[in-house]
């Protein structure tokens, strides 16, 4: 006989279902479950007296007969593709199927087979997201990787060689020798990594050798001279070799203004870093490029969101990051030209409109590597509080806003850098780089992080406890050690390097995957973040207008996902 139970009872047993709503952390963001791919009355759940037992929810099928390696049961997926409930089957380190798990011999509608060789991760009452991607990394110290991973980032892309002064200021791993050493160093870390070569040159040979050596992209930075000639040369190499170009434009406008830079780019695809300008770029109007079809605009997180402390802290950061001297007036003027509260305020609103497409960190070089995800959701919260619900929302929820913001650190950087066939979303066929969250801790502290289908870090209690008891904090797990590390994580390289056998040549232990499809894309390919307003910046007051509308908002004095989550 069918039985009926209350929604609250059902949610406590199997997690929320279609029509249920829940709050993300302590923010004002509320999501609603759009659909449920599991079957009422046939849900699978692990535990004493539960469903996943021999002959019940667990079949006799072997791995060779299609049983999964791992099943995440009853998870609430939050992704750019939607907000929905499902079981997720993992095989060979990838997402094999999203649907209904169980035993096809005893249950109807099963498309994810649980067998004797299947591990279970309980997703009931938890949120499942794709692992984040941080596409603006200065590899200044290896300890960044731990902080990033434990925040929910599973892919880091950038450049550097350690605390050399070139790396402290620019995201470049210059030259084949340094690229080779960094690719070898990547073998030590349980995270996907990709390295950017230096893109500043007026002749192509020095750039081509870096791409062949394994650089997955090239970085143009003003500290190396981002002249029109360097821009044109770098993009020409990128077009021939299918790698992305990132640009930090000329703050001092020495070699031209923003219009000259756009002319040098010539309609070719480019990823514009810290497009608001506090992190660097044509002062005061680099923000104009958000309206260009070929430019993928991104933010770095120190200006996200605009708060009471944002402007004050930036001057000191600039002096350190760009090797400036407070005793030199020109250095101070350089720093002050970049910090404009008007453009910082406009940046929040442009993100909410979907005009900025990506959020990243700028790690230790005016950015906080462990706060990409937290600051994304703080910004979404701030905009909900200050601007209200988005016009495109339907129902009493913030689903559209949540999908827009999660795309900024998952699918959009993956598309921008040619990695979206492998990472960036919770979709079948992609790598099982996944993050599980308790809703109350969403955006602050992940519960589990999986890389290539294996748990690499998790909230864990006292190892000497009879059960995992307090204190709980994020610790590395078995996927972060030994040969499992090399099987779980990958290093992304250029197609030219992959074809040249860079893995064998350098005796890399991690697998390598080639980037692809970076040149025939643009703003229109950025999921849920495609808006292209016409931007005007007043050169005297720095006021920003989008399609004639003044963009301004107040700084917040208090944020969610902050001190109450990080007492120790």
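Just so you know, glycine gets a Cβ as well, placed from its N, Cα and C.
The active site, proton donor feature in Swiss-Prot is assigned to 322; the stated evidence is sequence analysis. What Swiss-Prot records for 136, 138, 219, 362 is Ni(2+) 1 binding site, and it gives sequence analysis as the kind of evidence. Residues or ranges marked as Ni(2+) 2 binding site by Swiss-Prot on the basis of sequence analysis: 219, 248, 274. Annotated N6-carboxylysine per Swiss-Prot: 219, in sequence order.
Counting only the Cα atoms, the space from residue 136 (Ni(2+) 1 binding site) to residue 248 (Ni(2+) 2 binding site) is about 11 angstrom. Listed in sequence order, the residues 136, 170, 171, 220, 221, 222, 246, 247, 249, 272, 273, 279, 280, 281 complete the 8 Å Cβ shell around the Ni(2+) 2 site centroid, once 219, 248, 274 themselves are left out. Around residue 362 (Ni(2+) 1 binding site), the same-chain residues at least 6 positions away in sequence with a Cβ under 8 Å from its Cβ are 136, 138, 273, 274, 279, 300, 301, 302. Other than the site residues 136, 138, 219, 362, same-chain residues with C-beta atoms no more than 8 angstroms from the centre of those residues' C-beta atoms, the Ni(2+) 1 site, are 137, 158, 159, 170, 171, 246, 248, 273, 300, 360, 361, 363, 365, 367.
With respect to their backbone Cα atoms, residue 219 (Ni(2+) 1 binding site) and residue 248 (Ni(2+) 2 binding site) stand 8 Å from each other.
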